[in-house]
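Working notes, beginning with the structure itself.
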Amino acid sequence: EEPLPLSEEPKPEHPQTEPPPSEAPPMRAVLGELRVSSITPSSVGLQWSVPEGPFDSFTLQYRDAQGQPQALPIDGGPRSVTVPGLSPSRRYRFHLYGLRGGKRIDRVSIDVATATAEPEEPPPPSEEPQPEHPETEPPPSEAPPMRAVLGELRVSSVTPSSVGLQWSVPEGPFDSFTLQYRDAQGQPQALPIDGGSRSVTVPGLSPSRRYRFHLYGLRGGKRIDHVSTEATTEEPQPQQPQTEASTSEAPPARAVLGELRVSSITPSSVGLQWSVPEGPFDSFTLQYRDAQGQPQALPIDGGSRSVTVP
């Protein structure tokens, strides 16, 4: 469903609902043009300016390859975003909303087509990973850019439905990472990862299946280095109700969740905290329904005791 177009000169929505401007009219906030900064088969990078502002936050809305509406919350500070998990050779329409006080103040839109699919397997990195295509970097005549290198990508855990991965960064830092793989249906998936992370758990996999994972390190919106690994998920565990009887010797350790508490609330997010009086747990999953009534599931590492739902 396409949002309502704004006028040529965007104004705050329903200005009559704002406090009376008799003494001090509310400061205007205007979004500049939405531009494409990068395109890959599975992602699109976007940039914008804020000629008048500021905005508290932004929201980027689009429909995925299945036609489902997606909303990407963005903090009020950045002026760029990379949209992961897209399908190759497909046209998308993106709508960027600027929010203040929980209200949409202005909007800009753009149409973008993703790049065609790359070869099935990227070339394996050399023993000593080098930045990809260094010749495309700015000429290093005065000050060569600082190198960023990914260490080996290792498998840290395997279950029938997930794979845990770890890596190091011998030289860095990276702004962020992207983990790419193909799901059981052969569809490419891209998992964005914060630049400070050194591990990730990939959920929603199929049992007894071999997956190939590619981890890309990004800086300045460019892929600087990548490492790959393969992992096979475990077989599904057979149902064995008789194992209850065998607990006479060593009952399984109990794992208990403490109370789920709210730690922070904004117009577009909720922070939650919990404790684990008895444990440990391998991982957590937070489930909820979004504003459209669609079920959402957020995988959380077993060591975490808090999460922010954006």
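Cβ coordinates are placed from backbone N, Cα and C, and glycine is handled just like the others.
Automated prediction, rather than curation, is the source of TrEMBL annotations.
Pulled from TrEMBL, these are the features on record:
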- 1-27: region 'Disordered' (REGION)
- 30-119: domain 'Fibronectin type-III' (DOMAIN)
- 63-87: region 'Disordered' (REGION)
- 105-153: region 'Disordered' (REGION)
- 149-238: domain 'Fibronectin type-III' (DOMAIN)
- 183-205: region 'Disordered' (REGION)
- 222-255: region 'Disordered' (REGION)
- 229-248: compositional bias 'Low complexity' (COMPBIAS)
- 256-310: domain 'Fibronectin type-III' (DOMAIN)
- 290-310: region 'Disordered' (REGION)
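Beyond the region 'Disordered' (290-310), the same-chain residues lying 6 or more positions past its ends with a Cβ under 8 Å from any Cβ of the stretch are 68-69, 71, 73, 162, 199, 201, 203, 263-264, 268-276, 280-284. For the domain 'Fibronectin type-III' (256-310), the model gives a mean pLDDT of 86.
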